[in-house]
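Asker: This is the structure, below, for whatever I ask next.
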Amino acid sequence: MKTLLLTLVVVTILCLDLGYTLTCLTHESLFFETTETCSDGQNLCYAKWFAVFPGARRPDGGCAATCPDKVPLEIVNCCTTDKCNL
């Protein structure tokens, strides 16, 4: 009986989702950041800054499956650890 109970406990632990979930920063505005828990398949955090007008940049960021493409006047950084997209 103890063996059956131990087997059930081990099987339960193995069947649980013990995967790691990445957390990224989202940039709501220039000074306000919140966190976002990434969905399955989104294994990158990105930060994107682009010029609104000369001397001012607007931030964007969050979770992504692939690093976003860079366009002119834009800075894009991607990383793979929690809250790394400052």
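Any Cβ shown, glycine's included, is placed from N, Cα and C.
What Swiss-Prot records for this protein is below:
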DISULFID  C24-C45  disulfide bond
DISULFID  C38-C63  disulfide bond
DISULFID  C67-C78  disulfide bond
DISULFID  C79-C84  disulfide bond
SIGNAL    1-21  signal peptide
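Thinking about packing and proximity, how do these listed features fit into the structure?
Answerer: With a cut-off of 8 Å between CB atoms and residues at least 6 apart in sequence, the same chain places L22, C24, L25, C38, G61, G62, C63, A64, C78, C79, T80, T81, D82, K83, C84, N85 near C45 (disulfide bond), listed in sequence order.
In the three-state DSSP assignment, the secondary structure recorded for C63 (disulfide bond) is strand.
DSSP assigns C84 (disulfide bond) to coil, not to a helix or a strand.
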Asker: These are the disulfide-bonded residues: C38, C63, C67. Which one scores highest on other Cβ atoms within 10 Å?
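Answerer: Within the set of disulfide-bonded residues, the most crowded position is C63.
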Asker: Would you identify which of the disulfide-bonded residues C24, C78, C79, C84 has the most other C-beta atoms lying within 10 angstroms of its C-beta?
Answerer: C24
